[in-house]
Amino acid sequence: MALPLLLLLLLLLPPRVLPAAPSSVPHGRQLPGRLGCLLEEGLCGASEACVNDGVFGRCQKVPAMDFYRYEVSPVALQRLRVALQKLSGTGFTWQDDYTQYVMDQELADLPKTYLRHPEASGPARPSKHSIGSERRYSQEGGAALAKAFRRHLPFLEALSQAPASDALARTRMAQDRPRAEGDDRFSKSILTYVAHTSVLTYPPGPQAQLPEDLLPRTLSQLQPDELSPKVDSSVERHHLMAALSAYAAQRPPAPPGKGSLEPQYLLRAPSRMPRPLLSPAVPQKWPSPLGDPEDPPSTGEGARIHTLLKDLQRQPAEARGLSDLELDSMAELMAGLMQGMDHRGALGGPGKAALGESGEQADGPKAALRGESFPDDGVQDDDDRLYQEVHRLSATLGGLLQDHGSRLSPGALPFAKPLKMERKKSERPEASLSSEEETAGVENVKSQTYSKDLLGQQPHSEPGAGAFGELQNQMPGPSEEEQSLPAGAQEALGDGLQLEVKPSEEEARGYIVTDRDPLRPEEGRQLVEDVARLLQMPSSTFADVEVLGPAVTFKVGANVQNVTTADVEKATVDNKDKLEETSGLKILQTGVGSKSKLKFLPPQAEQEDSTKFIALTLVSLACILGVLLASGLIYCLRHSSQHRLKEKLSGLGRDPGADATAAYQELCRQRMATRPPDRPEGPHTSRISSVSSQFSDGPMPSPSARSSASSWSEEPVQSNMDISTGHMILSYMEDHLKNKNRLEKEWEALCAYQAEPNSSLVAQKEENVPKNRSLAVLTYDHSRVLLKAENSHSHSDYINASPIMDHDPRNPAYIATQGPLPATVADFWQMVWESGCVVIVMLTPLTENGVRQCYHYWPDEGSNLYHIYEVNLVSEHIWCEDFLVRSFYLKNLQTNETRTVTQFHFLSWYDRGVPSSSRSLLDFRRKVNKCYRGRSCPIIVHCSDGAGRSGTYVLIDMVLNKMAKGAKEIDIAATLEHLRDQRPGMVQTKEQFEFALTAVAEEVNAILKALPQ
């Protein structure tokens, strides 16, 4: 009989409304304010943004205005972890509404720090602890209610079938009514509420051990036999249900109104409690939900509850006949009832009763006993009497539990004065700490927090008071850690929150080492204030700031952000540049350590010296290594070049075929036979020859075995220049070179010179454009070499070559041409044959920096056929590193005529540049003139475009030839203009023009030394 009466009492009493589970929503619909958007994408809707709340992230409608962060303690973090593990093990995800509801309830207990805007300069004042206390009491009461409904659901189903139960009939009518506007998210049925409520919503206490039959799962997964209480007799159960039905039938219906106690009222709650964003300095007042469940019941309801308690007190014998399971359920229901009444009394008044003037937490139960939060004294007296009756009934129930040896449920410890204990341990074994953690310093804290809600002792004379004292003795005793507390700490448990801290042997201190030694105290304090400002923490958090040489040390006190010394050190490293810019100091080192270790920090000067020494050592080693590598590389290059030179020379010394040698010697004899025998010889031939050869790199090497003696005749240079003329020309050249302004003006005048006529229409024809290597150097129409079209492979008379006249306009002295292209090689050899040339001067390498300068128009060995001209390589002689000499055997296959051609190839002159030394080029010119002497045919001179290097060589040779013939006046600028009248672009740069003047002066000086004094 007692158990059904208790259930009816639970329905009549107005405990704090439990948070209802959200109504079933289709899985695809996005609910506002969903949690977990930082961990899973796609939770927020199109008009929502994910706001970082410090835990999982919460969706808010754009623009987001409610910015706050949860303050998560280690105990709360463990509770969240357990809840997530249970949800995951059951198969729920962040998309499920049940997961959202459970985690929202878990986060409701956590204090918050509100921000003015997302980038707030400092944290707002956290929400008052009274709000968290209010929600905690609500959860504990809700836990008891949920367990009671789960265990006694069959009794409620049986009661729903009793025709005499007017109260339950009204409950069904309330369930069948359509939902009111704004309440569509909440269930109107007790069974629906229980089906959506899980044990996961209410975490067990710290010392609770859940039995295996209470593993986390939803009620819908339980079987009917698990929901039914295990009673010994079904007859006894029917007696209990019948008695409860009869009692409910005798109870008159309560009038609707503010104090309505219908089951529908128990399940009403607002869709979302409004949370205005207040200033941190203003205490937050939380409005009550719709149909405020915290309002006390009416006087008539209190009288009926009082009568019900008396009925329960008159039937102790029947209560002693209940089973263990029923007694356990009654204990849980009474615990939840008392907690709901305690909580209702504590939260009845405005915020002034719960919050003191200093913003600290007030003692809710004491405030309730003082009557500060009850607007109606009469109602308060009824509640007090009702509370005392519940105490006496609990004492009787406690005796029954002692007789049966029943164990209290982990979720319901609360007979009158619930005692909750939280343990926070941050101890770790010494062996598990790494060296880095030891250096940083580990705060060894072992704390035990006791929170005890004290209720004032009201005088009463009922006999149940003694029984209640016995019930207190039957509560679980304190743990070993509780018993180990000092006596003073145990006596002070009633004062509120107690913290026992076991400090570490030596407190860890943070330090920041700067480049300033010694560091002034005000600079050290300013640096610490900059760190505090960076972390948005008050400067008072940093205690015991000291300056040790170049370092500043500090300790981090307790703070609401739970920032430790190691966190400060890490933030300093991450924001090093910003701190250096703000403080004007250079941060060299940061860390955490004991004060004794900080005193032995190495002086900064020694660190800098060691760093400099290491850097200098590394630089020295690198230099030594570089020198060794360079020396080895140079040696290898020289050795390989000498080896290649020896191989090439030995290859040149090998005899070619007998036919080629015999043919070449026969050609040389024919050439000597046609030479006129009566050439005059100068009187000083040998002397001038010896003086001219003094600029060579060494003694003149003898011709190779593949060369004929007739090709290298030692005919002397004819010179008619006297001493006075030579000195006058030399002084003119020296003055020209020393006067840079004069040279500059002369070159500017040459650049402005325009040749007349200067038409190049033939070179610009469509069929001739591919035959030009450079479009900047095209032959003039009036001055170009004409080929015989009938002998040309392209039947064209065009080739990019210009005849250069000296004193005789009928016989050109030179032919300046471009380097042959693959398509113009046959034209080049045709020009050589038709012009009767026997000397070719080549002034460019084949390739420069990967760019082709000239085509390889001769065979490397043997012979090649170019149209009707067969070219056979006879010899190749390397005179020095700067030039070499090749001899070719040229044959016209149409006429079977043959001719010898000698090529002088200068290797060290690059495009738009000058040779490294004029001496090598002058020696090269002497070799060319010795071979050419006595010939009336022109010399073919080519480089890449046939203008820059070719023009410089022709200018030097032409001026020196004029002086050798006894010219009294020399005008190099006028000579260059004469060359540009015949081919454009001759001598392309000022450096090339200056080089020509230098070469002429050096050769004149050599001639003067050779003349008789």
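Cβ coordinates come from backbone N, Cα and C, glycine included.
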Per Swiss-Prot, member of D860, D882, D911, D923 binding substrate alongside C943, S944, D945, G946, A947, G948, R949, Q988: D911
Per Swiss-Prot, the candidate from N562, N758, N772 carrying the annotation N-linked glycosylation site: N562
Stretch carrying motif 'Leucine-based sorting signal' according to Swiss-Prot (options 50-56, 246-252, 834-840, 1002-1008): 1002-1008
Intrachain C-beta neighbours of K968 (N6-acetyllysine), sequence separation six or more, cut-off 8 angstroms: T725
Residues in the motif 'Leucine-based sorting signal' (1002-1008) grouped by DSSP into helix, strand and remaining coil: 7 helix, 0 strand, 0 coil
